[in-house]
Amino acid sequence: MAEKKISKTIEAPVNLRDLTICDATVQMLEKARRDGVETAFDRAISMKACPIGADSACCKHCFMGPCRLNAKDPYGKVGVCGATIDTIMARNFARAVASGSAAHTDHGMGMLDLFREVVKGHAPEYRIKDVQKLEQVAQSIGIEVEGRTPEDIAMDLYKELERTYTQVEGEIPFAQRAPKKTQETWRKYDMIPRGSMREIMEMMHRTHMGVDQDFENLTKQFSRTALADGWGGSMVATEISDILFGTPKPVAVEVNMGVLKEDHVNVIVHGHEPNMFESMLVSVNEPTLIQAAKDAGAKGINLVGMCCSGAEMMSRHGVPHAGNFMSTEAILVTGAVDAMVVDVQCIKQGLVKVAECYGTPLLTTNYRCHIEGAQHIQFNETKPSECTDEMVIKAITRFKSRNKPIEIPKMRNMGIHGFSHEYINYMLGGSFRGSYTPLNDNIINGRIRGVAGVVGCTNPRVKQDWVHVELVKELIRNDVLVVQTGCSQVALAKAGLLTPEAAHLAGPGLSEVCETVGMPPVLGLGSCVDNSRILIACTEMVKTGGLGDSIADLPVAGAAPEYMSEKAIAIGQYFVASGVYTVFGVTFPIVKDTKFHDMLFRRMEEEWGLGKWGFTPDPYEMARLMIAHIDKKRKALGIDKARERVMMDFADRQKLEA
Ligand code: NFS
Ligand code: SF4
């Protein structure tokens, strides 16, 4: 089928069903094999991970090395400089946190740049869409809003939030939103970020050869760096995006590859920053461009998202979503994609070749991310539609010259997305008394056992979507309410769990709550930067009362069961440093039975009163660990007996019904 074959014979010993549970992706991988097209799934099989690197037992921070230590005998050897296994692992971990935090904070800074230009009137195609959110965010950090114009408030908010990045002394503004006791713990260990630029710079400095060689001291600084992401860059990205583009409200959206339309010009936006995507949404609705598409023989223009900006656009505007990280190459194999538009983060270089095989233009738009072999059309916020219009025209041209058979998997899954923390408030409390009290009450009375955040990537080292889906099913079956973001949310949407009907898969307590409120047992919050919504939701739960004084007291847990990115490590660390037990799957880049491992997996919780890390690739074990932690917190809060009563009531009712 495809003109250019990447490799004539892709070894096909594996059953595709072992690689993914996503039927659409299986169908496309089958076609890719017929077409001789290679994807990351194939490369993950032929590329064996380096075992020393996988354990983080190597260091290349200077040129006396690289030095390789032995994970089997971690204290048997040190680097040329004398660095121990704990130093080496902690430095590697710290750099992953720094890189992941940099990605989110740079994204947040991009949003803040746009916000400033909008306030100054330099970006006339954008405006402040959500004034109520503007006021709420401003108030949350002590900015006066009474009797002031939105422009005035916005300018003050901009100046305050700029400190998140550039401040050299003091505390980043959003840190003050956290529960008081959580803040106190942070202060005790010098963990409140000054400004993200400073923290990331200092982190890079301290992990240079011959600087910080104490894993505990490093742990404090990479916690601070991670907090500069969670309560800094990511939170700025979410809040400013809501102010500019609207705070999400629940919306029914279709997810999966079946959202492509054979008779339409299909444009996929795959990336992370919502600004370009917002402008693309305007362009595809432009009457002259729609006419051009019709003149080319199409019924219209079909815009769909992938990965994280896709998750945001689906939550904010109901734009259909075509799939998560491990489906981005596979979807090009449909032949139906007339343009794939990307910005930054999680964009596999492998897309270039696959796109080439099917004659799909792969268009980069952000100066930070050029890809060799892709076409670059620079996006400019002062005249955004110039870029997005041009890309739509390229897609129309590709539609006209389609010359290969098209195969679009039929799968489409309707679900409800767009549960901002503001909406959770409203949904549970009703419009007149929006509050987290009903959620807390249901946790205290035991109907809801606890809350779990299940987030993060997909990764070809594990069966795509399977760990996410099995874990979430297990959690809700045990009355744990699940909140989701990013690629994980899309995995569950494809499995049909983001619907109110999925309540029947929940345990008796949770399903009762879901049925009363009419909500799904799995709530989709948006993209990975929207994990900051979970931090705020946790804070609201603490402030509402009855569940302790700090985030660390809450019966909550987090997981990234199929993670692959450094951003995920940064997110994991800011949840841990905020007080949440966080379990990762796939692999953990640390040797067990070392001091640094003990720091992350025990001491941060026991000695510092924060959260801690957990690890297992097995979804059922993961659920067990998370539920055990939730139960431990319930016990500490003295609300474990209430749940036993709920379960007894339920058993009685069942007996009566029988
Ligand atoms: Ni998060 Fe989103 Fe997906 Fe992982 Fe990548 S798209 S920011 S990093 S792969 S969830
Ligand atoms: Fe080896 Fe030390 Fe240099 Fe790392 S910093 S490469 S452990 S000599």
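Cβ atoms here come from the backbone N, Cα and C positions, even for glycine.
Per TrEMBL, the features are:
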- CYS50, CYS58: [4Fe-4S] cluster 1 binding site (BINDING)
- CYS59, CYS62, CYS67, CYS81: [4Fe-4S] cluster 2 binding site (BINDING)
- HIS272, CYS308, CYS346, CYS457, CYS487, CYS528: [Ni-4Fe-4S] cluster binding site (BINDING)
- 571-591: transmembrane segment (TRANSMEM)
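In sequence order, CYS307, ALA311, ASN324, PHE325, GLN345, GLY456, GLY486, SER527, SER565, LYS567 are the same-chain residues whose CB sits within 8 A of the CB centroid of HIS272, CYS308, CYS346, CYS457, CYS487, CYS528, the residues recorded for [Ni-4Fe-4S] cluster being left out. Taking the centroid of the Cβ atoms of CYS59, CYS62, CYS67, CYS81 as the [4Fe-4S] cluster 2 site, the other same-chain residues with Cβ within 8 Å of it are LYS60, HIS61, MET64, GLY65, PRO66, GLY79, VAL80, ALA83, ILE88, MET209. Cβ neighbour density within 10 Å is lowest for CYS58 among the binding-site residues CYS58, CYS346, CYS528.
Neighbour counts of Cβ atoms within 10 Å were taken for the binding-site residues CYS50, CYS59, CYS81; the minimum is at CYS50. Sorting the binding-site residues CYS62, CYS67, CYS308, CYS457, CYS487 by the number of other Cβ atoms within 10 Å puts CYS487 first. With a CB cut-off of under 6 A applied against ligand 2, the binding-site residues CYS50, CYS67, HIS272 are reduced to CYS67. Contact annotation for binding-site residues (CYS59, CYS308, CYS346, CYS457, CYS528) versus ligand 1: CYS308, CYS346, CYS457, CYS528, each with CB under 6 Å from a ligand atom. Cβ-based neighbour count (10 Å, all protein chains) for HIS272 ([Ni-4Fe-4S] cluster binding site) stands at 30.
When the Cα atoms are compared, CYS58 ([4Fe-4S] cluster 1 binding site) and CYS308 ([Ni-4Fe-4S] cluster binding site) turn out to be 32 Å apart. Looking only at the binding-site residues CYS59, CYS62, CYS67, the one with its C-alpha closest to CYS487 ([Ni-4Fe-4S] cluster binding site) is CYS59. In the three-state DSSP classification, CYS67 ([4Fe-4S] cluster 2 binding site) falls within a strand.
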